[in-house]
Amino acid sequence: MHFSLKQLAVAAFYATNLGSAYVIPQFFQEAFQQEEPIENYLPQLNDDDSSAVAANIPKPHIPYFMKPHVESEKLQDKIKVDDLNATAWDLYRLANYSTPDYGHPTRVIGSKGHNKTMEYILNVFDDMQDYYDVSLQEFEALSGKIISFNLSDAETGKSFANTTAFALSPPVDGFVGKLVEIPNLGCEEKDYASVVPPRHNEKQIALIERGKCPFGDKSNLAGKFGFTAVVIYDNEPKSKEGLHGTLGEPTKHTVATVGVPYKVGKKLIANIALNIDYSLYFAMDSYVEFIKTQNIIADTKHGDPDNIVALGAHSDSVEEGPGINDDGSGTISLLNVAKQLTHFKINNKVRFAWWAAEEEGLLGSNFYAYNLTKEENSKIRVFMDYDMMASPNYEYEIYDANNKENPKGSEELKNLYVDYYKAHHLNYTLVPFDGRSDYVGFINNGIPAGGIATGAEKNNVNNGKVLDRCYHQLCDDVSNLSWDAFITNTKLIAHSVATYADSFEGFPKRETQKHKEVDILNAQQPQFKYRADFLII
């Protein structure tokens, strides 16, 4: 007897509704006579429409012990461009939930777009509850916004080129104040004691050179010694742009602070030399606030819990745009690898993480890493950071880790990426750790770390053009993705997961002591000069 796909669809329909896939309705027996075909009551299907048939047939559940052991090539083979594309469009639709509030799509923390992104990730894992344990880690993220600012010559009203306001700067009403140069970089109290302090109710502006200590320290000390605002000038003579920096978490002494290029700073010093009472007009409209948000952590139920393979991407974007490359691409890659990993057995536990508030200064990943107990810390064998996997004018970037300056194992991770690109005859570029992504908290706490990227605002070493023309802009949407880079790097992520989920053979054992116990915001000499996209020193 031969059944058409239409008849099989009817069988599936009735079998499902009778509660058993093994019940075959009697109307398929040859003796049964049907006056009007039952298909007339159902949506019509073409004989070759196998996908519609499959949708009506419950998929069998394969117990964990029956699954094949994870192999890199087999896991990579399950990564498909169509899946990446579908998830990218999903994220863009979620970013549009913010449009009524922001006037454009965004997934910045605190927005509906970011909240929907987190809901989306959790919904994906609802279908994988037999493979993963999912937890939320809530924290308060420090955020803020510079609405407007003005730094200009008090006499002429002329503003200064490439002046920038520091993130997390407090507001100040417009005022005219004498500009005072602070000696010795303004990092110690004695630097301020050497100048005449402002008189009671007198408003003055401190002019301080960049260097030695974080910008926040300079602002705090200036405020403590009575200055109403601060101008920090760059110490790099070739710099033409302003200082794109952050003050970090403000204190009661923090004052409104802006940055200017080296040449502008030297011009201001010359103006003071000509006129000891030289003054500026200074104003800033801004706010600083705390926003409650969450990290999402998904652990495999199986695998050795004392040998954890950890990897992460950040779930948020900047306010200016939807962030589909930065870091929607990393979010998408991790989700797709997590889905496909469920087809396999593993030897070591795998931990997928989506960090919130990366764009505010790596806040989610730092909160996680700094709040690990010593025992929890020691169980993480490696952390892999996946931020910006698909820049349109991409280069394959690998963090240039070594075991001398970084926790042991970081160099082995770098070599895994190098070997992969070489095996696929792809050129790659080694880039330094600079503090701009979520590996920072792990390295500072002794956990081997590294990662790959495809580049942001810098130029491609091969063609001299910007790597991501839409970096931190509204145009960072689905059209801003390189699908070649996206599929290649997602397969590499799958390779890294499969490799370490199988074995850490040849990988250094974890050191029992934390690598460096430092406060990256307030240390006199931070290990990295950046915190996310912001300079801190």
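Each Cβ is built from the backbone N, Cα and C atoms, and glycine gets one as well.
When the candidates H244, H253, H425, H472 are compared with the Zn(2+) 2 site entry in Swiss-Prot, which names D326, E359, the shared residue is H472. Between the candidates D277, D285, D387, D400, Swiss-Prot assigns the Zn(2+) 1 site shared with H314, D326 to D387. Taking CA atoms as the reference points, N427 (N-linked glycosylation site) and D387 (Zn(2+) 1 binding site) are 19 Å apart. Taking the C-alpha positions, the distance from H314 (Zn(2+) 1 binding site) to E358 (active site, proton acceptor) comes to 6 Å. Neighbour density around each Cβ, counted as other Cβ atoms within 10 Å, peaks among the glycosylation sites N150, N371 at N150. Residues within less than 8 Å, Cβ to Cβ, of E358 (active site, proton acceptor) and separated from it by at least 6 positions along the same chain comprise H314, D316, D327, G364, S365, D387, S437, D438, A532.
When other Cβ atoms within 10 Å of the Cβ of D326 (Zn(2+) 1 binding site) are tallied across all protein chains shown, the result is 30.
Cβ packing within 10 Å was compared across the binding-site residues H314, H472, and the lowest neighbour count falls to H472. Residue pair D326 (Zn(2+) 1 binding site) / H472 (Zn(2+) 2 binding site) shows a Cα separation of 8 Å.
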